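This report concerns only the one structure given below.
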Amino acid sequence: MLDTRILCRRSDICHPICHPRVPLVPLVPVREETKTHNFTEEELAEYKEAFNIFDRDGSGAISNKELGIALRSLGLNPSDDELTRMIHEVDKDGNEELDFDEFCELMSKTKKDVTSYKAIEEAFKVFDKEGKGSIPREYFRHVMTTMGERLTDEEVDEMLDTADADGDGEIDIQEFTSMISQNSNK
């Protein structure tokens, strides 16, 4: 079901009387399902503006090729593999184009991923007391076996063997993120 409200750059209801001096962007009705993603009005307007910039023909859809550019305009920087995975998750009709609702579903998932990354980054900072961008294996082992929910040496060894991918005896933020992600999927 389509909502009759339509977004512009400054309002959730758009018509020439609202903002006579604001140039209107091509508009697409907002589906009811889009509202369930719990976006703020500002987020929804920002996503709508980014979406409309790349919907050059006003068809209400952007191509998969243009999606990476649209996401970068919103401050996200997915790799090609991540972009492909994201597209396959939300392109419900398989037409290799995303309508605004599919784009919003993608943004909802991406927003959760960004929030999760920020939480992991904060946890990393707790371990990286010196702020040098890495955690010594032995310090990580000490913390994990003596504080909070204590892990066994075997559990910590398994985590560290997975985490210290380059074998330098230090865990950097990428290795830490990978370790947390792998352990949360178990």
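A Cβ is built for glycine as well, from the same backbone N, Cα and C atoms used for every other residue.
Summarising the annotation, TrEMBL assigns domain 'EF-hand' to 42-77, 78-113, 115-150, 151-186.
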Residue numbers, six or more beyond the limits of the domain 'EF-hand' (115-150), whose CB comes under 8 Å of its CB atoms: 156, 159-160, 163-164, 169-173, 176-177, 180
Three-state composition of the domain 'EF-hand' (115-150), taking helix and strand from DSSP: 23 helix, 3 strand, 10 coil
